[in-house]
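Engineer: Before I ask anything, here is the structure I am working with.
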Amino acid sequence: MSIALWYCPAPGTLDYEVLKTLINSLQLLVPGSPSFEPHLTVVTHLQVQNRGDVSKVLQSCSSCLKTIPKGHSLIKYSNWSINKQYFKKIVLECEKDKYLLSLAQLMRELYVEIEDQKRRAEHWVIEEFQPHVSLMYNDSQITKATEMVVRQRIHDAMQLFSNNPSSKSWRTFKVVSCEGPVEEWQVLGSVTL
């Protein structure tokens, strides 16, 4: 999967604790599902070679966030779904917030689509970028009975923050090496704003 840019709720916040508990509880329903930190993947395939490059990515994220109106939340859940893809087996779908889209497009222009970046990044953000928070990574088929339990657990979790995560919770960017098994992924750098 390469190197990714994650946007995360800060540990200890309601959003982090609710999502982490939800991820762990769903993991118990389907054997072989790894545990991972709550996050929204902004972009993958970052072109970073060293710590200096990681710092530039995080500095760019920090600068972008400063342009967003205070109190505005980039993360707003719109739905949830079960999919066939391993990394999107169960997800909370997020609205395509204009600031989130701008952030994703800019990061892709600067650090992924190095050549002919603007046109490709514009196409990607409109046609391919599906903002979401993964709740499970797995290849297994989800049974109807498990789906009913998943539905109830997600519903219960969403009631805790009324489908509106606090803009104060989501404030950490991480550059993550996503090579090998999920348990071996490494955070190369992070910034909390």
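Quick reminder: no glycine exception, Cβ is built from N, Cα and C everywhere.
Sequence annotations record features per position, and here Swiss-Prot assigns active site, proton donor/acceptor to His39, His132. Taken from Swiss-Prot, the feature substrate binding site applies to Thr41, Ser134, Tyr137, supported by similarity to another entry.
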Engineer: For the recorded substrate site, whose residues are Thr41, Ser134, Tyr137, find every other residue on that chain with a C-beta no more than 8 angstroms from the centre of their C-beta atoms, and list them by sequence position.
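Structural biologist: The surrounding set, listed in chain order, is Phe36, His39, Phe87, Lys88, Val91, His132, Val133.
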Engineer: Which recorded positions (His132, Ser134, Tyr137) fall within 10 Å of His39 (active site, proton donor/acceptor) by Cα distance?
Structural biologist: His132, Ser134
Engineer: What are the non-local neighbours of Thr41 (substrate binding site), defined as same-chain residues 6+ apart in sequence with CB under 8 A from its CB?
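Structural biologist: Listed in sequence order: Ala4, Leu5, Trp6, Ser134.
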Engineer: So how far apart do the substrate binders Thr41, Ser134, Tyr137 get, largest Cα to Cα in Å?
Structural biologist: 14
Engineer: Just to confirm: which same-chain residues, 6+ apart in sequence, have a Cβ under 8 Å from the Cβ of His132 (active site, proton donor/acceptor)?
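Structural biologist: Set apart from His132 (active site, proton donor/acceptor) by at least 6 residues yet with Cβ under 8 Å, we have Leu40, Lys88, Val91, Leu92, Glu93, Cys94.
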Engineer: Where does Tyr137 (substrate binding site) sit in the DSSP three-state scheme?
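Structural biologist: Coil, per DSSP.
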